[in-house]
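Straight from TrEMBL, the features:
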BINDING   79, 104, 131, 132, 133, 134, 135, 136, 137, 138, 139, 200  5-phospho-alpha-D-ribose 1-diphosphate binding site
BINDING   194, 199, 200, 201  uracil binding site
DOMAIN    7-208  domain 'Phosphoribosyltransferase'
Ligand code: URA
């Protein structure tokens, strides 16, 4: 089973409370999500492999560590996932960014792809799927499945807030995927919103509706 990490650093929890607040305006919402993404990036990258390299300091020859192999790939799920990309890139500027767009088929209610564009070397990178709200798990599972169908194997999932139902769905469908959250909330309501949640992440991020 993949790990479940709640990034409960006080700075993340403080900012998340302001993100949840319905009085927080679009500009502040966007900035806070960006900041939380940067802080979460620190946690998510904790186990990326390092290799030793020689380095000449002004004092002596030494051996330092650098990240081994290719940098990460960030895969935001459109559109709310976009709001966490720049915050991640502040810490991982060499990461490549792919995009997955999904819509809910009105007949089957199953998420269907309308756009997939991945880095050419995606199969050789550790990929972080970014989907701020893990509600039923339908879109996260579909995005992860899309990556696996294209041969990607090292995949992590990053969300701001999850419902227990969404976590269980991803763990069942993709037990190899580690999940990183800022908060695990109580439940889904009858409209599919996370409770207490933050409302519709995309609408709050872009000022729509
Ligand atoms: N998507 C959102 O944006 N918010 C929710 O609460 C659930 C899914």
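Each residue, glycine too, has its Cβ placed from N, Cα and C.
Locations of recorded TrEMBL features on the structure.
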| residue | record | Cβ contacts under 8 Å, 6 or more apart |
| --- | --- | --- |
| 79 | 5-phospho-alpha-D-ribose 1-diphosphate binding site | 101, 202, 205, 206 |
| 131 | 5-phospho-alpha-D-ribose 1-diphosphate binding site | 76, 77, 80, 81, 139, 140, 143, 157, 158, 159 |
| 133 | 5-phospho-alpha-D-ribose 1-diphosphate binding site | 80, 159, 160, 161, 162, 194, 197, 198, 201 |
| 135 | 5-phospho-alpha-D-ribose 1-diphosphate binding site | 162, 163, 165, 166, 188, 192, 193, 194 |
| 137 | 5-phospho-alpha-D-ribose 1-diphosphate binding site | 165, 166, 167, 168, 169, 170, 173 |
| 199 | uracil binding site | 22, 193 |
| 200 | uracil binding site | 193, 209 |
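Using a 10 Å Cβ-Cβ cutoff, residue 201 (uracil binding site) registers 25 neighbours. With a cut-off of 6 Å between Cβ and the nearest atom of ligand 1, the binding-site residues 79, 133, 139, 194 reduce to 133, 194.
Secondary structure from DSSP puts residue 139 (5-phospho-alpha-D-ribose 1-diphosphate binding site) in a helix. Pairwise Cα distances among 79, 104, 131, 132, 133, 134, 135, 136, 137, 138, 139, 200, which the record gives as the binders of 5-phospho-alpha-D-ribose 1-diphosphate, peak at 17 Å.
On the 0 to 100 pLDDT scale, the domain 'Phosphoribosyltransferase' (7-208) averages 96 in the predicted structure.
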